[in-house]
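**Student:** The structure under discussion is supplied below as structure tokens; questions concerning it will follow.
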Amino acid sequence: MYTALQTAHSVFAYIVLAVLFFAAVNAISGLVSKRFFAAKDLRISLFAMILSHMQLLIGFILYFVSPLGFDALGNMGDKDLRLTSLEHPLINIIALAVITIGWSKHKKEESHNGKYKKIAVFYTIGLVLILSRLPWASWFN
Ligand code: HEM
């Protein structure tokens, strides 16, 4: 169970980060080129949000079966354990909240430019937050 979840969370991370990056770049390019916000733009942004929520869900379950998650909360002196048991989960939850706020704010926008702007700003902030607290060392080992 633990190994399967850890592998799923690790492999899925590549897909989530790639799709989030693509959605943010797509919104920035739409904003800069003043394109219409088309159905495909909505689908890209929605897809990125759904995939990141799936990763969040896998992360929540993993948190309670991994020795590096909840069980490691007492070891805050160890910076690697502090990262996986506190900083990574907390910052990722905040990042997903930011992305979700961006998604809901874009829906309330009337203008094409306004929609792109909300996705561009909120998804980019979310992505930067996620990247700032990834356990890079264990991921590439
Ligand atoms: C979009 C959000 C997230 C991304 C992209 C992400 C990505 C990653 C990556 C790349 C790793 C390293 C995997 C490895 O060592 O092979 C990892 C580990 C971990 N993540 Fe996440 N994560 C996210 C959200 C979360 C959340 C919300 C939680 C908990 C509530 C969480 C809990 C964990 C735990 C406990 C580990 C250590 C697992 C272990 O090696 O035992 N993650 N995550």
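Even glycines carry a Cβ here, placed using N, Cα and C.
Keep in mind that TrEMBL annotations are predicted by a computer and have not been checked by a curator.
Checked TrEMBL, it gives:
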TRANSMEM  12-32  transmembrane segment
TRANSMEM  44-66  transmembrane segment
TRANSMEM  86-104  transmembrane segment
TRANSMEM  116-136  transmembrane segment
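Surface or core, plus neighbours and distances: that's what I need for these features.
**Tutor:** Residues of the same chain lying 6 or more positions beyond the ends of the transmembrane segment (44-66) and with a Cβ under 8 Å from any Cβ of it are 1-2, 5-6, 8-9, 12-13, 15-16, 19-20, 22-23, 26-27, 84-85, 89, 92-93, 96, 99-100, 103, 106, 119, 123, 126.
A Cβ distance under 8 Å defines the sequence-distant neighbours of the transmembrane segment (116-136), meaning residues of its chain 6+ beyond its ends; these are 13, 17, 20-21, 23-24, 27-28, 30-31, 35, 37, 41, 45, 48, 52, 80, 83-84, 87-88, 91-92, 94-96, 98-99, 101-103, 105-106, 109.
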**Student:** Can you tell me which parts of the same chain pack against the transmembrane segment (86-104), counting only residues 6+ beyond its ends and a CB-CB cutoff under 8 A?
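**Tutor:** Contacts with the transmembrane segment (86-104): 20, 45-46, 48-49, 52-53, 56, 59, 63, 69, 73, 76, 118-119, 121-123, 125-127, 129-130, 132-135.
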